[in-house]
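Listed in Swiss-Prot:
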| type | residues | note |
| --- | --- | --- |
| BINDING | 33-43, 283-292 | FAD binding site |
| DISULFID | Cys138-Cys141 | disulfide bond |
Amino acid sequence: MTHAKLVIIGSGPAGYTAAIYASRALLTPVLFEGFFSGIAGGQLMTTTEVENFPGFPEGVLGHQLMDLMKTQAQRFGTQVLSKDITAVDFSVRPFVLKSGKETFTCDACIIATGASAKRLSIPGAGDNEFWQKGVTACAVCDGASPIFRDKDLFVVGGGDSALEEAMFLTRYGKRVFVVHRRDTLRASKVMVNKAQANEKIFFLWNSEIVKISGDTLVRSIDIYNNVDETTTTMEAAGVFFAIGHQPNTAFLGGQVALDENGYIITEKGSSRTSVPGVFAAGDVQDKYYRQAITSAGSGCMAALDAERFLEN
């Protein structure tokens, strides 16, 4: 059984920033960056260019930013483990963390596990149907696949993520359709203007994909218009979901207070959770801002809160 003063679960901007601050405070943190549960480095690993992170006037690729943060955390003594924490016991002291058959203990814990992309429950989108055979939730991860080249592609969603995915896919697809169930977008004006100016992007308003069909790969979709109540079949090679995220909190087993959507509840103005010694940072506790810079800031808060807790 391995013991650490501080364990950080998660490896996005929140987790790495917490590790930087904690290691500089000589807390020798152990950071579990994940393995099977999701890509190490969090959602920014699937983002192309990040243009709004301070200090990079020309922008920076998401994975490069995460690599830099990881290197900085390790420079100050953070131990990074490519393992998943699958269960926790916060009812005992020290806390007990499970990773497969391994057991770890810690005096304080920062949860920075982020959130995962949601998927539509429609015919053809299941794991045993066309998931990863033309249906995905990450254009950056999968968009360059040969199956999408010079084909009609469809992005479901109306926020910034949906438009970013659509613009990325114009590099590969013949046409990219943004399918939105309303007649206005939630995305920022800057993103809307960019997408509307792209001659390869088209918008299907008041529309919903109700079925995905194909053989070994996606070949077509059925689109329902919720205004005129008609259904149209269109050729398609790819369907990309960009409809929001689900916080990665299931492994906590209800031991930390969550809101109705599964996000960790933290005390106002702090990273403290309902369990003393357990702190939360990043998108796992933030459903409003969801930015790399705010995640990093909350990671700093969590490290400082953990340091004060351990001192007392």
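Glycine residues also receive a Cβ, built from the backbone N, Cα and C atoms like all the rest.
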- [ ] Could you tally the C-beta atoms, other than its own, that fall within 10 angstroms of the C-beta of Cys141 (disulfide bond)?
- [x] 13
TODO: From the binding-site residues Glu33, Val284, Lys287, Arg290, pick the residue whose C-alpha lies nearest to the C-alpha of Cys138 (disulfide bond).
DONE: Arg290
- [ ] Indicate whether Val284 (FAD binding site) is helix, strand or coil by DSSP.
- [x] helix
- [ ] Taking only the Cα atoms, work out how far Val284 (FAD binding site) lies from Cys141 (disulfide bond), in Å, as a whole number.
- [x] 22
Task: DSSP three-state assignment for Cys141 (disulfide bond) - done: helix
Task: Inter-residue C-alpha distance, Arg290 (FAD binding site) and Cys141 (disulfide bond) (nearest angstrom) - done: 20
- [ ] Look at each of the recorded positions, Cys138, Val284, and point out the one with the fewest other Cβ atoms around it within 10 Å.
- [x] Cys138
Open item on the list: At a 10 Å cut-off from the C-beta of Arg290 (FAD binding site), count the other C-beta atoms across all protein chains.
Closed with: 18
Task: Glu33 (FAD binding site), number of other Cβ atoms within 10 Å - done: 25
- [ ] Using a 10 Å cut-off, grab the number of neighbouring Cβ atoms around the Cβ of Lys287 (FAD binding site), all chains included.
- [x] 15
